[in-house]
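Just below is one structure, and these are the notes that go with it.
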Amino acid sequence: MSKRVVIFDTTLRDGEQSPGVSLNLHEKLEIAQQLARLGVDVIEAGFPIASPGDFEAVKAVAEQVRGPVICALARANRKDIERAAEALRGAEEARIHTFIATSPIHMQHKLRMEPDKVLDTAVDAVKLAKSFTSNVEFSAEDAFRSDVGFLCRIFSAAIEAGATTINIPDTVGYATPQEFGAFIKAIINGTPNIDKAIVSVHCHNDLGLAVANTLAALENGALQVEGTINGIGERAGNASLEEVIMALYTRKPFYNLETSINKSEIYRTSRLVSNLTGMLVQPNKAIVGKNAFAHESGIHQDGVLKERTTYEIMNPEMIGIFTNNIVLGKHSGRHAFRERLKELGYSLDDEKLTKAFARFKALADRKREITDEDLVVLVEDELRAFPEAYSLEYLHITSGTVLVPTATVRLRREEENFEEASCGDGPVDAAYKAIEKITGTGARLASYAISATTAGEDSQGEVSVKLEREGRFYTGRGVDTDIIVASAKAYLNAVNKIVFDGLPKAKTERAV
């Protein structure tokens, strides 16, 4: 009989530590709800002591998301643990994840503590966490560079104090698979009461080995995997959960392990995380990359057409990438639209369906054939609609080789229209300067990226931007068949998030 692997998602905590990523409460909740649909076992929602915003995010996820265990991170001290417990009060099932560093370099230079003091601190932390919840995880930070004998001692003491999960991180991504597998086995063999806890691993990707190390750990007795969607995280990121999950599924005869993941939600979850964080998925990324199921070689194409398994070890439909020969157009009705969305896995209420159908009709007037990719982009845009302080009413651009690029923009806020014109270094820059004149955010454009979401000369373009305002980053996304319009929508989407955060007030002297 196969053993079940616990999937612990830390996209909202470790993943959000990616440089330039800053999710607001609304976005964190959206990701958490999708992770619940994906079927992860544990959601690490944040680090409550880190900031009031982190506390509120963990609290909201704990109160509103049902299904997975909701986890909060805490250092091994009273203040952190009590704050985590407070944030988790509304959870259906809560877990406190407390940690302390155990490697000689960390104990000496960061903690300035002797090993015995570190052990005592860990035990006290676990006991305190246990007074708030029966579900307690203890992590030894920088475990792979720690002494195995000391790890066995501290893990044994933590389990005795009440820890139900023991986590073994490769914090700096230094391990190799053969080493890490042997390391896990040595800890399991050297910790007498290890059978009273689940052994977990948390691998970083500094050498590109996070997934390989995770799988090696599972081969050697670990039964919880910690990672993130798309492998995002600080530095080179974390183990990519979708890769671990599909490796276990595809190679089940080898690993004899299974998960409770709803695999058909993998692709949708990946897209959501990518869009909200602004971190684009590389085209050749395993499982969810744009080219993951693409075949350009004639020999490969011929083989796949004759028998898919000649060059594909999994079906794209398995992870939620659906293909269909039925093409919708401007003459397609509401019923056909709804039915196709259902086939793609989307169930919209009447209000959202009405809005999405109106957008579909508008797109069909500009685009001869509407593909599944178009529908996915359209419906996800509607499902993720962010509260709009400003909406784009009008955009006019003049540009060319002998013209000064100029943009005229009209935005609507509540019942008032605001219009401005500006010149710039190209049409996009001109549009952004005009929007900035109206909104007055004072934000800096930190990044700008374009990708084609669908194929063909009338394809939709997707623009992703990041605005930086007082050290915080705001991601915006816009989609349109006109890339300049998509660019304006993306910038405005990020501006609305700044306004949603309460800064700054809009200028009103230009009402028209």
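Count begins at 1; order follows the chain as displayed.
In case you wondered, yes, glycine gets a Cβ from its N, Cα and C as well.
As the structure is a computational prediction, the values presented were derived from the model and not from experiment.
What Swiss-Prot lists as domain 'Pyruvate carboxyltransferase' is 5-267. Residues or ranges marked as Mn(2+) binding site by Swiss-Prot: Asp14, His202, His204, Asn238. Residues annotated as region 'Regulatory domain' in Swiss-Prot, with sequence analysis given as evidence: 391-512.
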Excluding near sequence neighbours, so keeping only residues 6 or more apart in the same chain, what lies with its CB under 8 A of Asp14 (Mn(2+) binding site)?
Glu44, Glu226, Thr228, Gly233, Glu234, Asn238
For the region 'Regulatory domain' (391-512), jot down how many residues DSSP puts in helix, in strand and in coil.
31 helix, 52 strand, 39 coil
For the binding-site residues His202, His204, Asn238, the one whose C-beta sees the most other C-beta atoms within 10 angstroms:
Asn238
Average pLDDT across the domain 'Pyruvate carboxyltransferase' (5-267)?
97
Taking 8 Å from the centroid of the Cβ atoms of Asp14, His202, His204, Asn238 as the cut-off, which other residues in that chain fall inside it around the Mn(2+) site?
Thr10, Pro169, Thr171, Cys203, Asn205, Ala210, Glu226, Gly227, Thr228, Gly233, Gly237, Ala239
In three-state DSSP terms, the structure that Asn238 (Mn(2+) binding site) belongs to:
strand
